[in-house]
Amino acid sequence: MNISTIVSNLKDLILEVRAPYDLEITGVSNHSSKVKKGDLFICRRGEKFDSHEIIPEVMEKGAVAVVVEREIDLDFPYIQVFDSRYFEAKVASLFFEDPWKDVLTFGVTGTNGKTTTTMMIYHMLTSLGERGSVLTTAVKRILGNSYYDDITTPDAITILSAMKENREGGGKFFALEVSSHALVQQRVEGVRFDVGIFTNISRDHLDFHGTFENYLKAKLHLFDLLKDDGVAVLNESLADAFNRKSRKITFGTSKNADYRLGNIEVSWEGTQFVLETPDGLLKVFTRAIGDFNAYNAAAAIAALHQLGYDPKDLASSLETFTGVEGRFEVVRGAKKIGLNVVVDFAHSPDALEKLLKNVRKISQGRVIVVFGAGGNSDRGKRPMMSEVASKLADVVILTTDDPRGEDPEQIMEDLIKGIDKRKPYLVLFDRREAIETALTIANRGDSVVIAGRGHERYQIIDEEKKVPFQDREVVEEIIRDKLKGRKYAQ
């Protein structure tokens, strides 16, 4: 690709070109650590950092031109654009040759259930012999090869590069979890989806979006990115908010839903329900626990059924779906000390409420919950989460989540505002101590819920400090110590 190709395809996005039209571009990058010789480097202005300031550095690393949002006082080839984030998505799609074409492409958004629904789609398709890739918060797997990072939806270049790798490797589908941040920051503007799924919406990320209306608007933008024959699959509660021309399919429990759930039963073994589809009734079982997973499964089945897959085959393949790491993840080793322990990513009032209601429903003993709140995020939801915890758990242990540079004392103060002081609660800033205390005070048959961080492998203390910490691993380590202690005591 050369500058001429870029200009001829994206001229409406460009203010000025000061670069030879025959200049060859052999790569696209947006981070100084990833620059390679021959790259077009995209400069972006963020809240804390402006990469226009490091143009000399990327020049030294081999970039042959830069994309800027303002004029630069350097003798170096550049393209000035109106919006570098939007341009990044479009030029990446151009460079990687629209890698979503001729590939079934799924985008899944919503406050809760994004990761699980996306992984259900991936699981069902691979179980049916299809080859493809998936990018979610918890799992990133390109044609069977997995890697880890803690970003829900990567940047446009990463997404489109992965899509090209998928298509060139013979992948027939690509399933992508799409956050509201990614939609606002235009990370998926270079993608077109065959199916967009909107699982549900409740309060979250208002520190970023400002209002609930803006949050909803951001989520709905996913449907603006559908292919011409694309399908919108959404929770029936969102049907009135949908005002696009695309084909709309709903799932829910009312008689008006296109895919109607009923007879939902939850146990420690999994979740079963009946799904009324346009092709008849379907009995569905998945080892993923929680009535919310019935809704996730319904959304995933609806999406694939609309593309021509047999609902019975889809339901059969879901029987082997065991769930997602850090999403109602049962720590199996806890049975050895007589407890049920659940690790979950729930970090909003609605998610925590659904989680605790499901645990309460299938538990014989008390429910003990350990959770905190992320720093530098929506403060308003903190007391709401504590109120939910006080209402649905027998014992609440407040602890640290990811402070991200915010004073943990301030976070805790916000959380305590929602606590019912008439019920047992503890405040333990050390998360490991909080988890160990929960496992120690629990009696045989009790359920311990550790919420907020799910699969995450690091605790973010501030911008400079991340410490290794995974809730499930900590639980397993404490259980091993307890079993060892019992052995020595005998």
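A Cβ is built for glycine as well, from the same backbone N, Cα and C atoms used for every other residue.
Database features (Swiss-Prot):
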BINDING   Gly110, Thr111, Asn112, Gly113, Lys114, Thr115, Thr116  ATP binding site
MOD_RES   Lys219  N6-carboxylysine
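All features noted in Swiss-Prot, drawn onto the structure.
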{"residue": "Gly110", "record": "ATP binding site", "contacts (Cβ under 8 Å, 6+ apart)": "Thr117, Ile197, Phe198, Thr199, Asn200, Ile201, Lys219, Asn235"}
{"residue": "Asn112", "record": "ATP binding site", "contacts (Cβ under 8 Å, 6+ apart)": "Thr199, Asn200, Ser202, Phe292, Ala346, Ser348, Asp350, Ala351, Lys354"}
{"residue": "Gly113", "record": "ATP binding site", "contacts (Cβ under 8 Å, 6+ apart)": "Thr199, Asn200, Phe292, Asn293, Tyr295, Asn296, Ala299"}
{"residue": "Thr115", "record": "ATP binding site", "contacts (Cβ under 8 Å, 6+ apart)": "Thr136, Thr137, Ala138, Val139, Glu177, Val324, Arg327, Phe345"}
{"residue": "Thr116", "record": "ATP binding site", "contacts (Cβ under 8 Å, 6+ apart)": "Ala288, Asn293, Asn296, Gly323, Val324, Arg327"}
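In three-state terms derived from DSSP, Gly110 (ATP binding site) belongs to neither a helical nor a strand segment and is classed as coil. Around Lys114 (ATP binding site), a 10 Å sphere centred on its CB holds 25 further CB atoms from the protein chains shown. Other residues of the chain with a Cβ within 8 Å of the Cβ centroid of Gly110, Thr111, Asn112, Gly113, Lys114, Thr115, Thr116, the ATP site, are Val108, Thr117, Thr199, Asn200, Asn296.
Within 10 Å of the C-beta of Thr111 (ATP binding site) we count 19 further C-beta atoms, all protein chains included. Cβ neighbours within 10 Å of the residue listed as 'N6-carboxylysine', excluding its own Cβ and spanning all shown chains: 26. In the three-state DSSP assignment, the secondary structure recorded for Thr116 (ATP binding site) is helix.
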